[in-house]
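Written out below as structure tokens is the structure these notes cover.
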Amino acid sequence: MKPCLHSARLLAAHSHRPYSFTQQHGARSKAARSSCLSLTAHARKGLQELLTLRKPEQDNILLKQGNVSRRLPVPDSIARPSYVQLQESPWGDDYQIHNTKEARDKMRAACRLAAEILQMAGGLVKPGVTTDFIDRKVHEMAVANGAYPSPLGYGGFPKSVCTSVNECLCHGIPDSRELRDGDTINIDVTVYLNGYHGDTSSMFRVGNVSEADWNLCTVTEAARDAAITACGPGVPINRIGQVIQEFADKHKYGCVKEMVGHGVGTVFHCAPPIFHTRNREPGTMQPWQTFTIEPIFTAGAPRHRTWKDHWTMVTKDGQRAAQYEHTILITDKGHEILTKL
């Protein structure tokens with residue numbers, strides 16, 4: 001790229017010289033004119049090469065919001081979280097600690113259903129499928145199993161699942177956009193079953209994905225898994241961020257600081273916030289506590305902007321992002337991944 005950029009600069013410089021030089025010094029010699037024409041031709045050739053090399057990046061069209069269909073109905077017989085009617089997005093201050101076997105079994109059931117729905121949704125991913133179609137199938141499977149799709153109505157969110165494509169960090173709203181060959185998509189599923197939320201997400205490839213784009217995904221997943229391995233009773237919660245940041249630094253990826261994991265259980269989002277970058281937050285992991293680990297890595301800078309829908313977050317530089325999430329239970333001896341099938 002550098003030789004081509006240098007040639008482009010030559011073209012910009014020499015395209016103004018003939019006019020200025022001729023005015024000041026009159027007619028130029030044949031040899032000088034020939035030399036200048038040669039430099040200009042060389043620079044133009046370099047500029048053409050630059051444009052050719054940049055074409056694949058230009059073809060990677062940035063996301064635009066499609067048409068968002070109406071929210072899907074949920075039968076009255078299915079219990080709803082309290083935030084649905086109020087259209088709030090509450091944060092609870094108390095840790096989710098499940099001291100009874102009954103509570104832990106209900107948490108396991110909600111998480112298993114979320115994982116099964118995610119697996120089903122991932123199987124739908126292919127070129128030509130819309131994220132709205134994926135949302136409908138997620139909604140139908142949740143309702144068929146007596147569960148409420150937790151995102152629906154959370155803070156006014158209009159859909160039953162989050163679908164984040166390419167440069168979308170998270171909270172993508174399903175719409176009419178068709179998935180394209182080469183896309184990557186995160187599907188984030190949460191269900192509310194028998195009073196408990198199960199929360200998980202994963203990346204999926206659409207058709208033929210480039211090695212570089214999929215490597216971002218595999219490294220993000222590996223970082224999450226390494227952080228989970230470090231979990232256990234008495235372990236500092238900030239150990240999670242340290243492990244994940246080390247992965248990002250090693251592979252030269254950005255790691256989004258602002259989006260955190262969270263406690264989850266009878267409430268959707270609560271303490272403690274799980275930072276995925278190095279931090280000095282206090283607190284240790286407690287037996288029978290549940291929370292999510294869900295790092296977001298970026299191919300470029302980890303800076304982002306939010307669309308006018310107040311939900312969709314995308315990278316500022318348009319480069320791709322990847323996220324993986326599990327809900328885990330801290331046991332008396334280690335940990336259990338509740339959303340792993």
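Just so you know, glycine gets a Cβ as well, placed from its N, Cα and C.
Record features (TrEMBL):
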BINDING   H171, H269  substrate binding site
BINDING   D188, D199, E325  divalent metal cation 1 binding site
BINDING   D199, H262, E294, E325  divalent metal cation 2 binding site
DOMAIN    105-332  domain 'Peptidase M24'
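Feature annotations (TrEMBL) mapped to structure.
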{"residue": "H171", "record": "substrate binding site", "Cβ contacts under 8 Å, 6 or more apart": "F157, C162, S164, W311, T312, M313"}
{"residue": "D188", "record": "divalent metal cation 1 binding site", "Cβ contacts under 8 Å, 6 or more apart": "P151, V161, C162, T163, S164, C170, D199, T200, S201, Q323, E325"}
{"residue": "H262", "record": "divalent metal cation 2 binding site", "Cβ contacts under 8 Å, 6 or more apart": "H269, C270, A271, P272, P273, I274, F291, T292"}
{"residue": "E294", "record": "divalent metal cation 2 binding site", "Cβ contacts under 8 Å, 6 or more apart": "S201, R224, M259, G261, I274, H276, Q323, Y324, E325, H326"}
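When each of the binding-site residues D199, E325 is scored by how many other Cβ atoms sit within 10 Å of its Cβ, E325 comes out lowest.
Over all protein chains present, the Cβ of H269 (substrate binding site) has 21 other Cβ atoms lying within 10 Å. As a whole-number mean, the pLDDT of the domain 'Peptidase M24' (105-332) in this prediction is 98.
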